[in-house]
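One structure is given here, and the rest of the page talks about it.
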């Protein structure tokens with residue numbers, strides 16, 4: 001039997017004072033997550049501000065991580081673009097280096113699109129990849145994309161591309177959808193992106209998570225993702241986190257935990273969390289996870 005997916009940290013991306021990716025910081029954070037329960041790390045997903053990271057930067061970071069001893073099979077690459085040609089190019093670049101999976105979001109500039117249109121877009125990406133297409137996890141995150149992936153669309157994609165589409169990351173936060181996804185497509189790698197539903201989803205057959213919270217609490221999220229163990233404190237903190245812009249909020253906590261304010265930087269159009277909100281959020285984190293915050 002193929003090994004379960006487990007926990008992948010959706011890595012936050014550090015930037016230096018000039019707005020460039022701080023590659024040593026990426027490597028340090030990746031190694032920290034891998035040493036503390038994560039089977040892999042996901043580069044340039046939503047938490048990693050992947051929509052703001054260009055081709056050349058992706059190439060440089062991936063090469064540096066591999067050179068630093070992180071194996072390609074410990075890396076998932078996020079692809080969050082609208083043009084099928086760009087999606088294929090980003091995926092091909094990563095697949096050529098042997099990454100474990102591609103996390104592929106749907107195109108999101110045009111709204112209210114049909115399943116037929118989405119199917120054709122994914123098909124175009126896979127056709128451009130040709131024989132190199134493999135190990136794609138399609139990404140359902142309608143709160144960001146405003147483009148949901150229906151249960152039936154997942155079925156069409158896996159039927160048409162059985163050697164390519166291997167899973168779904170569901171960050172919908174919609175438990176009835178998640179439950180139906182697990183029921184209908186449970187033989188795929190179903191990853192739960194909303195930590196409030198993670199343990200319950202794993203108990204119903206989910207294979208793990210690609211989790212932004214794993215930047216902050218890898219061991220706690222590992223127990224949820226691999227063993228289906230509920231963690232009320234993690235779930236409570238997710239609720240706190242969602243009352244702020246999530247990516248700047250995660251980075252604000254990382255800055256406090258690492259005592260490195262460079263983590264506060266985000267790329268436009270995002271803006272950093274203000275100091276008052278950072279203080280409030282870290283106080284909530286400390287109340288739930290005192291040992292971590294000390």
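Heads up, the Cβ atoms here are built off N, Cα and C, so glycines get one too.
Features reported for this protein in TrEMBL:
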{"type": "ACT_SITE", "residues": "139", "note": "active site, proton donor/acceptor"}
{"type": "ACT_SITE", "residues": "169", "note": "active site, schiff-base intermediate with substrate"}
{"type": "BINDING", "residues": "47, 210", "note": "pyruvate binding site"}
How big is the Cα-to-Cα gap, in Å, between residue 47 (pyruvate binding site) and the residue listed as 'active site, proton donor/acceptor'?
13
Express the distance between the Cα positions of the residue listed as 'active site, schiff-base intermediate with substrate' and residue 139 (active site, proton donor/acceptor) as a whole number of Å.
5
Taking only the CA atoms, the spacing between residue 210 (pyruvate binding site) and residue 139 (active site, proton donor/acceptor), expressed in whole angstrom, is 10
Using DSSP with the three-state reduction, classify the residue listed as 'active site, proton donor/acceptor' as helix, strand or coil.
strand
